[in-house]
Amino acid sequence: MCHSLSLQSSLDFRYRSALKVHGDRPILTSNLGFPKRDRRGRLLLCRSGGVESFRFFGNTSVDLCRHRLRVDCSDARRTPEDTSAEIEQPNFSEFITSERVKVVAMLALALALCNADRVVMSVAIVPLSLSRGWSKSFSGIVQSSFLWGYLISPIAGGTLVDRYGGKVIMAWGVALWSLATFLTPWAADTSLWALLAARAMVGVAEGVALPCMNNMVARWFPPTERSRAVGIAMAGFQLGNVVGLMLSPILMSQGGIYGPFVIFGLSGFLWMLVWLSATSSTPDRHPQITKFELEYIMHKQQPSTRVNKRNTTGVIPPFRRLLSKMPTWAVIVGNAMHSWGFFVLLSWMPIYFNSVYHVNLKQAAWFSAVPWSMMAFTGYIAGFWSDLLIRRGTSITLTRKIMQSIGFIGPGIALIGLTTAKRPLIASAWLSLAVGLKSFSHLGFLINLQEIAPEYSGVLHGMCLTAGTLAAIVGTVGAGFFVELLGSFQGFILLTATLYLLSALFYNIYSTGERVNFDATG
């Protein structure tokens, strides 16, 4: 049990504990019985006669070594309401080796597999189109089959995540999309409809991935660490693009066009076994978490935990009330534009480099993959900077708007530059800048979901993903028809850049970092 510090500068003890005393001010140890000292001169305090407290005066700092509590009292005359104590912040080594970082690392791996299974079709579509005589518009329809499945599950999946937690739902999601990916070669050889159904099933299963990530981060990380946690998880998400785009041509050359589907599908089942055995839905259920880490997490996020517990009794989310507030529409518009840009760039860039710059499939995949590795790196930097701004006193609302502005205005400008590039290397540089800056938006609209509606973050994320999927379908299919009608990719890229700028303006006007009262009307 955690030792507590009352506001009158008294420390309660239930166990024998060692204290280190710093400074030259005395500690009054009256009414403690007979305090003892160990060989190093440290003061040992024990239960004695029912009295388990001490009072200290002056500018004295005391470390409770065993439980990592630090007490600072700068004024002995303070009243009970004036003094306080807080759990010591973990250092970098403690943070990086903590159980919560292991959880977010597993989430990052899951999201990497999620994107690798998703992006493999962006590479395979080139030889499939050539061998089967598909037009660009029909290739867009085949690629969008994933999105038709992705459209179905996010709201239902988000509701299940809010009710049952992220661990179980994520495990089911990974199992289903890995099975569908593994069976894609069989489906493709059976019929076109079977192929479309298999890709749609991948989309259905992957629709729960991001709500699960948001749920697990909210449960395992205090607010001052959530930006970094999201940065780590989304870095895995982007590295999945890199792995999928770079490894798919190699695996195709060694194992045929369907090689990547088999390898990535089997990897998902391996991940699921580790996830189920090594993680828990909440920190207090984890068998290996240290007492210090558990106390640190629970102390920092008790209000959010109570909110989430209250929501477990609900069955049907209040969709009308959620949609009645403009901050909800701010994150929905942010997610819709993010998905438009993400899927257009992810699905069409290999074809763009192949058709505009006339590079081969392997080179096109590599030129397309480099920007996503940049996004993984800048995502963590953005998360660290976002947490730093909040710790230094910048309001959460302003921090989210700064991140969102960089994440949307930056890509809008960079995509305009992309249309001017004459060589594939310059085009890849502009694309890297666009995608790298895009990662800042994860610390805008994505983490904002937890802040405006902690009790409904899963279902709200599902609503955002549904809107984003609709936008992605329009963008992915529309790009193919746009190119066929006008004969140019550049026009569609300029349209995407314009939408980025307008979405940034909308988010900055209507978003907030404060919790929204969805019980009030208007």
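FYI, residue positions are counted from 1 along the chain as it appears here.
Backbone N, Cα and C define each Cβ position, glycine as well.
Residues or ranges marked as transmembrane segment in TrEMBL: 103-128 (among others). Sequence-distant contacts of the transmembrane segment (103-128), counting only residues of its own chain at least 6 positions beyond either end whose CB sits under 8 Å from a CB of the stretch, comprise 134, 139, 142-143, 146, 170, 174, 177-178, 181, 188, 199, 202, 206, 209-210, 212-213, 216-217, 220-221, 229, 232-241, 243-245, 247-249, 252, 257-258, 260-261, 264-265, 267-268, 271, 274-275, 278-279, 346-347, 349-351, 354, 361, 364-365, 368.
Per TrEMBL, the feature domain 'Major facilitator superfamily (MFS) profile' maps to 103-515.
Look at TrEMBL and you will find 140-161 (among others) tagged as transmembrane segment.
Residues or ranges marked as transmembrane segment by TrEMBL: 168-187 (among others).
Packing against the transmembrane segment (193-217) from elsewhere in the chain are residues 103-104, 107, 110-111, 114, 117-118, 121, 142, 145-154, 157-158, 160-162, 165-167, 169-170, 172-177, 180-181, 183-184, 186-187, 226, 229-230, 233, 281, 446, 449-450, 457-458, 461-462, 465, 469: each is 6 or more residues past its ends and has a CB under 8 Å from a CB in it. Per TrEMBL, the feature transmembrane segment maps to 193-217 (among others).
Positions annotated as transmembrane segment by TrEMBL: 229-251 (among others). Listed by sequence, the residues of this chain that lie at least six past the ends of the transmembrane segment (229-251) yet keep a Cβ under 8 A from its Cβ atoms are 100-101, 104-105, 107-120, 122-124, 213, 217, 220-221, 259-260, 263-264, 346, 350, 361-362, 365-366, 368-370, 372-373, 375-377, 379-384, 435, 439, 442-443, 446-447.
Positions annotated as transmembrane segment by TrEMBL: 257-276 (among others).
For 329-349 (among others), the entry in TrEMBL reads transmembrane segment.
The transmembrane segment annotation in TrEMBL covers 369-390 (among others).
The transmembrane segment annotation in TrEMBL covers 402-421 (among others).
Sequence-distant contacts of the transmembrane segment (427-447) (same chain, at least 6 residues past either end, Cβ-Cβ under 8 Å): 210, 214, 226-227, 230-231, 234, 238, 330-331, 334-335, 338, 341-342, 345, 349, 353, 356-357, 367-368, 370-372, 374-379, 382-383, 386, 399-401, 403-408, 410-411, 414-415, 417-418, 421, 464, 507, 511. The annotation transmembrane segment is assigned in TrEMBL to 427-447 (among others).
Proximity of distant same-chain residues to the transmembrane segment (459-483), defined by a Cβ-Cβ separation under 8 Å and at least 6 residues beyond the stretch ends, is recorded for 135-141, 143-144, 147-148, 150-151, 153-159, 162, 207, 210-211, 214, 317, 319, 322-323, 328, 331-344, 347-348, 445, 449, 452-453, 489, 491-492, 495-496. If you look up TrEMBL, you'll see 459-483 (among others) marked as transmembrane segment.
Beyond the ends of the transmembrane segment (489-510), by six or more residues, the same chain brings 326-327, 329-331, 333-334, 336-337, 340-341, 344, 348, 352, 355-356, 401, 404-405, 408-409, 411-413, 415-416, 418-419, 444-445, 475, 478-479, 482-483 to within a C-beta distance below 8 angstroms of the stretch. If you look up TrEMBL, you'll see 489-510 (among others) marked as transmembrane segment.
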